[in-house]
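Participant: This is the structure, below, for whatever I ask next.
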2 protein chains.
Amino acid sequence: MATGRTHRPATRSRGIPEATVARLPLYLRALTALSERSVPTVSSEELAAAAGVNSAKLRKDFSYLGSYGTRGVGYDVEYLVYQISRELGLTQDWPVVIVGIGNLGAALANYGGFASRGFRVAALIDADPAMAGKPVAGIPVQHTDDLEKIIKDNGVSIGVIATPAGAAQQVCDRLVAAGVTSILNFAPTVLSVPDGVDVRKVDLSIELQILAFHEQRKAGEETAAGDGALTAAAPRGAAADHSADQGPDGDVPAVMPA
Amino acid sequence: MATGRTHRPATRSRGIPEATVARLPLYLRALTALSERSVPTVSSEELAAAAGVNSAKLRKDFSYLGSYGTRGVGYDVEYLVYQISRELGLTQDWPVVIVGIGNLGAALANYGGFASRGFRVAALIDADPAMAGKPVAGIPVQHTDDLEKIIKDNGVSIGVIATPAGAAQQVCDRLVAAGVTSILNFAPTVLSVPDGVDVRKVDLSIELQILAFHEQRKAGEETAAGDGALTAAAPRGAAADHSADQGPDGDVPAVMPA
DNA sequence: CCATCTTTGTGCACGCGTTCACAAAGACAT
DNA sequence: ATGTCTTTGTGAACGCGTGCACAAAGATGG
C-alpha cells in the first residue's frame with residue numbers, strides 16, 4: 001500500500017542530491033537579482049551570502065551541475081542563470097492548474113511569483129457552481145466537472161490543490177488519473193498517490209507549530225539555570241554577521257516531500 | 001527510558017531532533033482525527049500510515065518524548081494528543097500578527113488552521129493607509145506606524161510576514177526590535193536576523209520549481225534507454241553554444257587528472 | 001616566462017537522520 | 001502462574017548532507 005511513497009531510487013548515476021535541488025531555486029533568485037543589476041560575475045562567497053547559505057555548500061552544489069566557474073574570478077552571472085534554469089526545467093513552459101479557489105486558491109492565482117518563473121496558470125477549478133465563470137486574477141473559474149478535459153487540453157502535468165482537506169484526496173485522484181504527475185498540496189491531508197507521482201506539501205499551521213515549539217523552549221530556558229549565552233538582549237548589529245542563522249536548522253524546507 | 005539510565009547530557013538541551021519536531025505536527029493532526037472518531041488506542045503501524053511515515057521512525061520520534069505507549073497494545077490517543085500538544089507548546093495561547101495584507105495576507109487571516117491549533121490572530125498590519133480600519137476576516141487592519149505598540153500591547157512573539165519582497169527586511173527588523181522572536185516569512189527574500197530569532201520560510205514558487213525539476217527528469221527518462229545519459233532533446237531552442245563537453249546533462253564529475 | 005594572488009572544485013571527516021532487527025515488556029489465554 | 005502473542009523502545013549500522021581545509025587552475029603583474 002503506497003501512502004504517497006514518492007520514494008525515488010535516487011537519480012541513478014547522474015544524481016543531483018535532493019538537498020541541492022532544493023537550493024537551486026534559492027541561488028537562481030539571488031542570481032536573477034544580480035543579473036537585473038547587471039553584475040557580470042560573482043564569487044561563491046558573495047553569492048552564498050546573498051542566498052543565505054555557506055559558500056562551501058554552494059560550491060559543492062554547483063559542482064554537481066558541472067564546472068561553470070572560473071578560478072580566481074568567480075561565476076558568470078548570466079551563464080549560471082541559464083544553467084540553473086535549464087537544470088530546473090524552467091526554460092520550458094509549465095502550465096499548472098489550481099484546484100480550489102477559496103481564499104488561498106485565489107491568492108495563489110494572483111501570486112506573481114509563478115509567471116515570473118516559467119509557470120503559467122492554465123486554469124482555475126472549483127467545485128462551487130456559483131464560482132463558475134467568475135474571473136479570478138483575470139482567469140475565469142471553471143467547474144470541477146471539466147477537470148479531466150482541462151488537464152488534457154492544456155497538457156497540464158503540475159497541479160496545485162488548495163481545496164478543503166476533505167476534498168483533497170478525491171481531487172488528487174482525478175488529477176492523477178487525468179495525467180498530472182506532480183502535485184503541490186496545500187490541504188492538511190496526507191495524499192496517497194501511485195508511484196511516479198511527486199507530491200510536495202505546504203501546511204501553514206505546521207510551520208507555526210514548529211515555531212511555537214522553539215518559542216516555548218526559549219521562554220523556558222530563560223527561567224532555567226543556564227543563563228549562558230542565550231539571553232535575549234540579542235546584538236542588533238545584525239547585518240555585520242551575515243550568513244545569519246536562517247532558522248533553527250538553517251535549511252529544513254518548509255515543505256517536505258510527501 | 002523506563003529503565004533508569006537517563007541520558008545525562010541530554011538533560012539540558014532537551015534533545016529532540018529537529019526532524020522529529022517537524023513531524024510532531026503531522027502526528028498531532030492524525031491523532032486529532034482519530035480522537036474525533038473516538039478511537040481509544042492506535043498502534044505505531046496504524047498511526048504511521050495515517051501520518052504518511054515509516055513506523056520505525058514514528059516510534060523513534062515518540063521515544064524522544066518519553067515512553068507513552070503500551071507494548072502489545074499501542075498508544076492511547078487522547079494521552080498522546082495531550083503530550084504532543086504540550087511538547088509543541090500548543091497548550092498555551094500564541095498571539096500572532098500578520099504583516100502585509102495583500103492577497104496572501106488576507107488568505108492567511110482567513111485560514112482556519114491557525115485558530116484550531118492555539119494560534120490567535122492578534123492583529124493585521126499593512127502599510128497602505130487606505131487599508132487601515134478595513135476589516136479582513138473580521139479583524140480591522142491597522143497601520144504599520146503602530147506596529148511596535150501592537151506587538152507590545154498584545155505580547156506577540158510570533159510574526160508572519162506576507163509583504164512584498166522589498167519591504168520584508170524592514171518589517172522584519174521592526175518586528176524583532178519590538179520583541180518578536182519567531183518569524184514565518186512568505187516574502188521571497190533571505191531575512192537577516194540576530195541570534196535567538198527563529199525564521200522559517202515558505203516560498204511557493206520554490207516548491208513549484210522543485211516539482212518542475214523532477215517533472216523534467218521524468219519526461220527525459222522515458223526517452224532515454226534504461227541507463228546512460230539523459231538525451232538532451234533541448235525542448236525549445238535555447239541551445240547554447242558551449243555544447244561541447246558538459247553540454248546538456250553530461251556526467252558531472254569530470255575526470256580528475258590528479 | 002615566472003611569481004604571486006585569488007577563487008574554484010573536492011577529498012575527507014564528522015554528525016544527523018533513517019532504517020533494520022530484536023530484546024524487553026506487557027496483554028491475554030489457559 | 002506460565003506460556004504465547006503482540007507491539008513497543010532502542011542499539012547499531014548505514015547513508016546523506018555539511019563544512020573544513022587544501023591543492024589545482026587560472027588571472028594578474030612584473
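Note that Cβ sites are derived from N, Cα and C of the backbone, with glycine treated the same way.
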Participant: Examine the ranges B:26-65, B:146-185 and name the one recorded by TrEMBL as DNA-binding region.
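Facilitator: TrEMBL lists DNA-binding region for residues B:26-65.
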Participant: Near chain A, which of the binding-site residues B:Gly100, B:Ile101, B:Asn103, B:Leu104 can you find when the cut-off is a Cβ distance under 8 Å?
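Facilitator: Sorted by position along the sequence, the hits are B:Asn103, B:Leu104.
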Participant: Mind checking which of B:Gly100, B:Gly102, B:Gly105 has the fewest other CB atoms within 10 A of its CB? They're the binding-site residues.
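Facilitator: Comparing Cβ neighbours within 10 Å for the binding-site residues B:Gly100, B:Gly102, B:Gly105, B:Gly102 has the fewest.
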Participant: Give the three-state DSSP assignment (helix, strand or coil) for B:Gly102 (NAD(+) binding site).
Facilitator: coil
Participant: As a quick check of your reading of DSSP, tell me how many residues in the DNA-binding region (B:26-65) are helical, how many are strand and how many are coil.
Facilitator: 30 helix, 2 strand, 8 coil
Participant: Mind checking how the domain 'CoA-binding' (B:89-190) divides into helix, strand and coil residues in DSSP?
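Facilitator: Each residue of the domain 'CoA-binding' (B:89-190) counted once, the result is 36 helix, 29 strand, 37 coil.
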